[in-house]
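These features come from Swiss-Prot:
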BINDING   13-20, 60-64, 118-121  GTP binding site
LIPID     194  S-geranylgeranyl cysteine
MOD_RES   194  cysteine methyl ester
MOTIF     35-43  motif 'Effector region'
């Protein structure tokens, strides 16, 4: 019997977008009701995806600016990033390309990214938007466009509260590592060299 392959999966994104809730929902099938800012927490789960057993190491990171110098320490050895934003926070959506992509490309330039839109249950919650005037939800089309813009391997929307698509997020991360997408071929037209003798 072969040992399960270890995959290090690191969650990244602004504070309070639901990274920790997503991990807890996935590993324990529960939804925490209190917000507790994260420093670093690690979870581990043995998972079977498409007949492959993997030991999925889940690393949670803090999105707050106070941890900007500490957070990148968790990036070493990462196999995949779950880059999360809240579907009800335009600021967290915009920070994906303003803050998080530059940080990830600096510290881990070749690690694949799965883009995750969290709090899917609130996007259609009319009462939530009545209680929070001025907020506008992020659409699936906007998420797909951001995926293309940053070159993410996948984009998934989920709700940790209802558990909708939570398993799909982690299955997708595992599949990206086990079967990485083929890099797009650049248009390589033969260029002729000009030599001056």
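Keep in mind that glycine also has a Cβ here, set from the backbone N, Cα and C atoms.
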If you draw a 10 Å sphere around the Cβ of residue 120 (GTP binding site), how many other Cβ atoms fall inside it, taking every protein chain shown into account?
-> 24
Find, for the listed binding-site residues 61, 64, the residue with the lowest Cβ contact count at a 10 Å cut-off, counting only other Cβ atoms.
-> 64
Give the helix, strand or coil assignment DSSP yields for residue 16 (GTP binding site).
-> coil
Residue 61 (GTP binding site) - helix vs strand vs coil (DSSP) = strand
All-chain count of other Cβ atoms within 10 Å of residue 16 (GTP binding site) | 18
Residue 19 (GTP binding site), number of other Cβ atoms within 10 Å = 27
A correct count of other C-beta atoms within 10 Å of the C-beta of residue 13 (GTP binding site) gives 26
